[in-house]
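Annotation source Swiss-Prot lists active site, nucleophile at CYS86. Residues annotated as active site in Swiss-Prot: HIS194, GLU196. Per Swiss-Prot, the feature domain 'Glutamine amidotransferase type-1' maps to 2-222.
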Amino acid sequence: MKAAVITFPGSNCDRDLATAFEKAGADVTRVWHKDTALPEGVDVVGVPGGFSFGDYLRCGAIAARSPIAAAMIRHAERGGYVLGICNGFQVLTETGLLPGALMRNAGLKFICRRVDLRVATADSAFTSGWAAGDAVRFPIAHHDGNYTADPETLARLRGEDRVAFTYLDNPNGSMEDIAGILSANRRVLGLMPHPERAVEEAQGGADGMGLFRALLGGMALV
């Protein structure tokens, strides 16, 4: 399986994300924000964490209008897989590939620690390695991770089983404890916690590998 990991000015988790894909068995290509096309035959696009373009205007707003973002949107619209982590989640909401917005944390402070999550659905390639209700632990590192959406969007996410992860102890004020959501076709996932920072026991736990292995396995079955 082939993965492409985007690098924007200000990205700081792109190498971690590429390494996680490689550990799961993917052939990884790094792409630059000025590129106008994805590599031939890419199965999944990874949008990493960091502070793309310094978080100017809004987190992810400038990155969402970069040349490579247009190629990513086309990939998603064709049914391709996309994984956006932290700033990558913010980029996905700015592009419209995922609904809602990521606002300033309720406590108005940057949060950097490990959090416990509940796998809210196993019905996606990203989460199929777990059962709904399983607990996993990933790091978080964000200032603007407070997921916000209108009541209609929240009801749709619940009704369509598109909430992928929830916080067991909400650290940032996210509505309904939401930590990650899926697109309508379940092939785009955005989440604020960092599974790519939890792929080796030396990092304090390897729960994140469950996501990457499940994703590659799920894509292979399509």
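One is the number of the first residue shown, and numbering goes on along the chain from there.
Each residue, glycine too, has its Cβ placed from N, Cα and C.
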Restricting to the same chain and to sequence separations of six or more, state which residues have a Cβ under 8 Å from that of HIS194 (active site). CYS13, ASP16, GLY49, ILE85, CYS86, PHE138, PRO139, ILE140, ALA141, GLY208
Take the domain 'Glutamine amidotransferase type-1' (2-222) and average the pLDDT across it for me. 97
For GLU196 (active site), the same-chain residues 6+ apart in sequence with C-beta under 8 angstroms from its C-beta are CYS13, ASP16, LEU17, THR19, ALA20, PRO48, ILE85, GLY208, PHE212
When a 10 Å sphere is centred on the Cβ of CYS86 (active site, nucleophile), how many other Cβ atoms does it contain? 30
